[in-house]
C-alpha cells in the first residue's frame with residue numbers, strides 16, 4: 001500500500017488522470033497459467049461504465065481495455081500484466097472555468113496544499129475515473145480465486161434502505177441501482193430522479209458478500225483481512241465508512257446477541273450466525289466475508305455552495321457538467337473489485353507462508 | 001503493512017503473545033534528535049493498563065516499558081527504537097481448560113485453520129495485549145508530530161450515546177469510561193455494571209479527533225490518509241467498523257447537507273462545516289481529522305455459548321477468567337495511538353516527497 | 001523491491017516483454033513541480049538504442065517514449081508518471097525455432113522451471129529490452145537530483161582494461177564504446193570486431209561515478225546506499241558482479257593502504273583518498289559515489305553450444321539473430337540510470353526522515 | 001528492504017547498538033510448525049562469537065540468544081519470532097576518547113552528517129555487532145529450507161588465495177580462518193599474526209555455496225535472486241564487492257568459455273559448468289548457487305591515520321581497543337546467514353505465486 005500501489009503478493013499499481021491520454025494499471029505477482037483475455041475484463045468495465053442511464057453521469061467513454069503485457073497465448077505468464085484504457089471523451093472545456101476555484105467536497109484544495117498545483121481537468125488524479133482500473137485489476141483477481149463468488153449491491157440510497165426480506169439476487173441486474181429489492185428499486189427511481197432534477201445528490205450504502213472463502217486467509221496483526229478490506233474500501237472515491245459483518249450495529253449488541261455459535265459441521269464448524277462477517281482475529285473463518293461501505297452524496301451539485309478561489313477570494317461553486325446524482329451506484333462494481341483484489345492477495349500470502 | 005508491521009516512513013513492528021515472556025515493538029524511521037525516555041511512554045500505557053477498576057479486566061500487569069535501543073543521551077538517534085514490556089502476570093492456568101475448545105467470537109478456530117495449531121494461552125498473538133505495544137509506539141509517534149493534538153473518547157456504550165451538547169473535555173479523565181459527558185458516564189456506570197454482573201458484555205463507539213494537522217498530509221490513491229486510518233483502526237482487536245467524518249451518516253445526507261463550504265481565511269480556507277472529517281481525496285484539508293470506531297461487545301462472556309472442541313465435538317463455552325465487560329473502553333488509548341502513528345507516518349512521507 | 005518494482009520513496013515499476021505490444025514504466029513518488037517532457041527522456045533512450053553501429057545489435061527500434069500521465073502543463077504533479085514505448089520491430093519469427101529449446105546462459109529453462117511455460121519471443125520478460133524503461137525512469141530520477149552529476153563508461157572489454165591515466169571525459173562520446181581512453185577504444189574496435197566476426201562475444205566492466213552527492217544519503221542497515229546500488233546493478237541483465245569503491249581490490253589492501261584520511265575542509269572533511277567509493281556505513285560521505293559493474297559476455301553466440309530441448313532431448317543452440325557482441329557496451333546508460341534511481345530514492349528518503 | 005528490515009515473505013528486522021542494553025531481531029512470516037528452540041540458533045552464534053582466538057577481537061560476549069515470542073511447545077506458530085541477546089561486555093570507556101573524533105573508514109562522520117549526532121559507543125548502530133542478529137535470524141531461515149545446504153569459507157586473505165585443488169570441507173572447522181585449504185590456513189596464520197602485531201589489518205574474500213536449491217526460486221526483475229543476494233551481502237559491514245558465479249571473472253571470458261552447456265539429466269538438465277552461479281534471469285537453475293564477497297581490511301588499526309575532530313580540527317586516529325585484524329574471518333557465518341535468509345524468502349515467495 002504505497003502511493004498508487006495496493007497489495008503485497010498480488011499487487012497492482014494504477015496511473016492516469018481523468019482527462020489525460022489514458023489510464024492504466026499494472027498487475028504484478030499474478031500466478032502463471034491463468035486464462036486471461038480482454039474478454040474476461042471488459043464485462044466488468046461495461047458494468048461500471050458511465051452514461052448508461054439517466055441515473056449516472058452522461059460522460060461517455062467506451063472504456064475499452066487492452067492487455068499490453070503479461071499474457072502469452074492466452075495465459076498469464078507470471079510477469080506484470082499491463083492494462084490500458086485510452087481516454088477518448090476528454091471534454092476539458094467543462095472544467096476550465098473551475099481551474100481557479102476550489103470545489104467543496106473535492107480534493108482541489110487539498111491537492112494544491114500538498115503539491116503546490118494540480119491537474120484541474122476533471123479532478124485529474126483525484127477523479128473517480130481511477131476506479132475503472134480497479135475494476136479491470138479486480139477482474140484479473142477474480143480469476144485467481146475461482147473458489148470465491150463475490151456479490152455487491154446497493155442496500156440503501158438517501159437513507160431509504162432495502163428490505164432484506166425482499167432480497168432477490170436476480171433482481172440486481174434488472175434495475176439501474178444494483179438493488180436486490182424490487183420495491184426499493186422502484187422507490188429509488190423516484191428518489192434519485194428528484195435529486196437529479198433538483199440539482200442535488202444522494203449518498204448510498206453498498207453491501208458486499210464473498211462466498212466460498214476458505215478458513216485461514218488473512219494474518220495478524222497489521223495484515224488482517226478486515227484491515228485490508230477497510231483500507232481498500234476507504235480508498236474508493238467518496239467512501240466515508242466501512243463495516244465488517246454487523247459493524248456499528250455490533251456495538252449496540254450484547255455479547256450474547258453478537259455471538260456466532262458453532263456446531264459440529266461436515267468440514268470445520270457450522271456457524272449459526274455471522275455477526276463477525278466471516279473474519280475473526282483478522283483471519284477468515286470459512287463463513288461468507290461481508291462488508292458494508294458508505295458513499296457520501298456526490299459533491300458536484302448544481303445548487304451553489306460557498307467556496308473560495310485559488311487566490312483566496314470568496315466565490316460560489318455550482319456544477320453544470322455531467323455528474324452522477326448518486327456515486328454510490330457506480331461504486332458497486334468497484335467495491336466488488338476491491339473485495340476480489342484483497343482476497344486474491346491473501347490467498348497467495350497464505351499459500352506462501354503456510355503452503 | 002505486512003504481517004506485524006505498520007507504516008511506511010515511520011514503521012513499527014510488534015511481537016509477543018499474551019502469556020509469553022514479553023511483548024515488544026520496534027519503531028523504525030523515527031527522526032533523529034527527538035527527546036525520548038520511558039517517561040514519555042509510560043503514562044499512555046498506564047492509561048490503557050488493565051485492572052484499574054471494576055469496569056475493566058482484573059488482570060494486573062505493571063506494564064513497565066523499557067527502551068532497549070535507538071536512544072542516546074535522551075534523544076532518538078534515527079535508528080530502530082526497541083520497546084519491551086515483560087509479561088509478569090501469566091496465569092496460564094486460566095486458559096488450560098479451553099486449550100481444546102474454540103471460543104466463539106475469538107480467533108481460536110481461525111488460527112487453527114490457518115496455522116494448524118495455536119498458542120492458546122490467553123489467545124496468544126490474537127490477544128488484545130498486543131495493543132499495549134501500539135500505545136507505546138504511539139507515544140513515540142506523538143513526539144514526531146508536536147503540532148498535532150489527539151483526543152479520543154467513548155461516545156456510546158451499549159447503544160446509549162453521549163450528548164455532544166454535554167461535551168466537556170475535562171470530564172474525560174474524571175470517569176472510568178473516557179466519557180466527555182458526565183450524564184452519560186453516570187448512566188454507563190449502571191449499564192456496564194449490570195452487564196458485568198449478568199456475565200454479559202457491551203459494545204462501544206470511540207471517537208477520535210486530531211487537531212492541528214496541516215493541509216497536505218496523505219496521498220493518492222492507496223496511501224490515502226483515510227485508507228490508512230481505516231486499516232489502522234480496523235486492525236485493533238474487536239473493531240468492526242470505521243467512519244471518517246460523518247461516515248455512514250453522510251450516506252443519508254443530500255449533497256447540500258453534506259457540503260463543507262469554504263470562506264476566505266487567514267491561512268487557507270475557513271471551512272464552515274467538517275462533514276468530511278478533515279480529509280478530501282485522501283489528503284488532509286487543515287480541519288480536524290475525525291474518525292469513529294465501533295467495538296463489538298467482548299466475546300468472552302459468562303453466559304454459555306454453543307461451540308465445538310478442536311476435535312469437532314459439540315460443547316459449550318463460558319468464560320470465567322478476567323475479562324472486560326466492554327473492551328471499547330480500554331480501546332480508547334489504542335485508537336489515539338493509531339491516529340498518532342498514521343499521522344506521523346504521513347508527515348514524514350509528505351516531507352520526503354514534497355520537501 | 002518487489003517483483004517488478006524498485007525503490008521506496010521514488011518507486012518505479014516496469015512491465016512488458018521484448019516482443020509484446022509495448023513496454024512501459026510507472027514512476028511513483030516523484031516530487032511535484034519538476035519540469036518534465038519527453039525531450040528530457042528521449043536523449044538517454046537514444047544513447048542506449050540498439051542498431052546504431054556494428055558493435056551493437058542490429059535490431060532497430062525507434063524507442064520513442066510517451067508520457068501518459070503525471071505531468072500537467074510541463075510539470076510533474078506528484079502523481080504516477082506513466083511512460084510507454086511501443087514495440088515496433090517485433091520480428092518474432094527469428095525466435096520461433098528456439099521456442100522448444102533452452103538457450104544456455106539465458107533464462108529460458110529457469111522461467112519454464114518457475115512458471116511452467118514462458119513467452120519465448122525474444123526472451124519475453126527476461127529480455128534486456130526491459131532496461132530501456134530503466135533508462136527512461138532514470139531520466140526522470142536525474143531531474144530529482146540536479147545537484148548530482150552521473151557518468152558511466154566502459155573500463156574494460158574482454159579483459160583489456162583502459163588506462164586511467166588516459167581518462168578524457170570528452171572522449172567517451174566520440175567512440176562507440178563509451179570509453180574515456182582513446183587508445184583503449186582503438187584496441188577494442190579490433191577486439192570486438194573480431195569477436196563479432198567469429199560469432200563469439202565478450203564481457204565488459206562498466207564504471208560509474210556520481211559527483212555532487214551530499215553527505216548523509218543512505219541508511220542503516222538493510223537500506224544502505226551501497227546495498228541498494230548492489231541490488232540495482234545486479235538486477236541488470238548479464239551483470240554478475242558489483243563493486244563499491246575499490247571493491248575486491250580493497251580485500252587485497254592493508255588497513256593503512258585502504259584508509260581514506262580526512263583533513264579539515266571548507267564544508268565537512270576533505271578526504272585524501274576514496275577507496276570507500278563515497279559510502280561509509282551505508283551512508284554517503286560527500287565524496288563521489290563510485291561503483292564497478294561486471295557484464296558477462298553475451299550468451300547468444302553463433303558458435304554452437306550443447307543444450308537440451310524443452311522435452312529434455314539433447315540438441316545444440318547457435319544464435320543467428322541480431323545480438324550484441326558485447327552487451328556491456330549498451331549496459332552503460334543502464335548503469336547510469338540505476339545510479340540515478342538509487343540516489344534520487346535516497347534523497348527523498350533522507351528528507352522524509354531527517355527533514 | 002527498508003531501513004532495518006530485510007526480506008518480503010520471510011522478513012526480519014534487527015535493532016540495537018553495540019553498547020546498548022541488548023540487540024535483537026524480529027523474524028516475521030516464518031511458516032508455522034517448524035521445530036525451533038534456542039539450541040537451533042546458539043551454535044551459529046557461537047561460531048561467529050568474538051574472543052575465540054588471537055585472530056579475532058578480544059571483546060568477550062557470551063551472546064546467549066533468547067526466543068521471546070513466536071514459538072509454542074517447541075514449534076513456530078507463524079507469528080513474529082523475537083530474538084534477543086543482552087549486551088554484557090559494554091566497556092564504553094574504550095570509546096569515550098573518540099567521541100569527538102571521526103574514525104576514518106568508519107561511519108562516524110556519515111552518521112553525524114545524516115542524523116546530526118550519533119551513539120559513539122563502539123560505533124553504535126553501525127557496529128558489526130548487528131551481524132550477530134543476522135546470524136540468529138539466519139539460523140531460523142535454515143530451518144525453513146531444509147532441502148538446502150549452505151557452506152561459506154574464506155577463500156583469500158590479504159591477497160593470498162587458497163588453492164581450489166586443496167579444497168577439503170572437513171578442514172574448514174579445523175583452523176581459525178574457516179579455510180578449506182590446510183596449506184593456505186598455515187600461510188594465513190603467519191600473515192594475520194604479522195598484521196596483528198604490526199597494528200595493521202587485512203582484507204578477505206569469502207565464498208558461499210548453497211546446494212540443493214531447486215530450479216525456480218527468484219523472480220524478475222527487481223526481485224531477482226542475485227539482486228537480493230547482492231543487497232544482502234553488500235549490507236554486511238565492511239563488504240565492498242559481491243560476485244555471483246564467476247563474477248568479474250566472467251567479464252574476461254568469451255561467450256564460449258562462459259557457456260554452461262546443458263545435457264539431458266534425470267530431473268531437468270544436467271549442466272556441464274556453472275559459470276552463472278546457479279542463477280539465470282534472476283531465477284535459480286537447480287545448480288548450486290554461488291557467490292563471492294569482498295571484505296575490506298578492518299578500518300580500526302593501531303597505525304595512526306589522519307583525521308579530523310567533530311569540530312573540524314586536524315587530528316590523528318589510532319585504535320587501541322579490541323579489534324579484528326581481519327573482519328572477513330568473522331564475516332563468514334554472516335555470509336552464510338544472509339544466503340539462508342535470501343533463499344528462504346524466495347522459497348516462500350515462489351510458493352505464494354506459483355503454488
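Placement of Cβ uses the backbone N, Cα and C atoms for every residue, glycine included.
As annotated by TrEMBL, NADP(+) binding site applies to C:48, C:54. Positions annotated as FMN binding site by TrEMBL: C:125, C:126, C:127, C:237, C:238, C:281, C:296, C:297, C:298, C:299, C:300, C:322.
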Number of Cβ atoms other than its own within 10 Å, given for residue C:125 (FMN binding site): 29
Rounded Cα separation (Å) that holds between residue C:238 (FMN binding site) and residue C:48 (NADP(+) binding site): 15
Same-chain residues at least 6 apart in sequence whose Cβ lies under 8 Å from residue C:296 (FMN binding site): C:105, C:203, C:238, C:239, C:240, C:327
In the chain carrying residue C:298 (FMN binding site), residues 6 or more apart in sequence that have Cβ under 8 angstroms from it: C:201, C:202, C:238, C:323, C:324, C:325, C:326, C:327
Rounded Cα-Cα span from residue C:48 (NADP(+) binding site) to residue C:127 (FMN binding site), Å: 15
Local Cβ density at residue C:238 (FMN binding site) - other Cβ atoms counted within 10 Å: 25
Secondary structure at residue C:125 (FMN binding site), reduced by DSSP to three states: helix
Of all listed binding-site residues, namely C:125, C:127, C:296, C:298, those lying near chain D with CB under 8 A: C:125, C:296, C:298
Among C:127, C:300, the most crowded of the binding-site residues [Cβ within 10 Å]: C:300
Cβ neighbour count within 10 Å of residue C:48 (NADP(+) binding site): 23
Rounded to the nearest Å - Cα separation of residue C:125 (FMN binding site) and residue C:48 (NADP(+) binding site): 18
Subset of binding-site residues C:48, C:125, C:296, C:300 within reach of chain A (CB-CB under 8 A): C:125
Alpha-carbon spacing, residue C:300 (FMN binding site) to residue C:48 (NADP(+) binding site), which is rounded to whole Å: 19
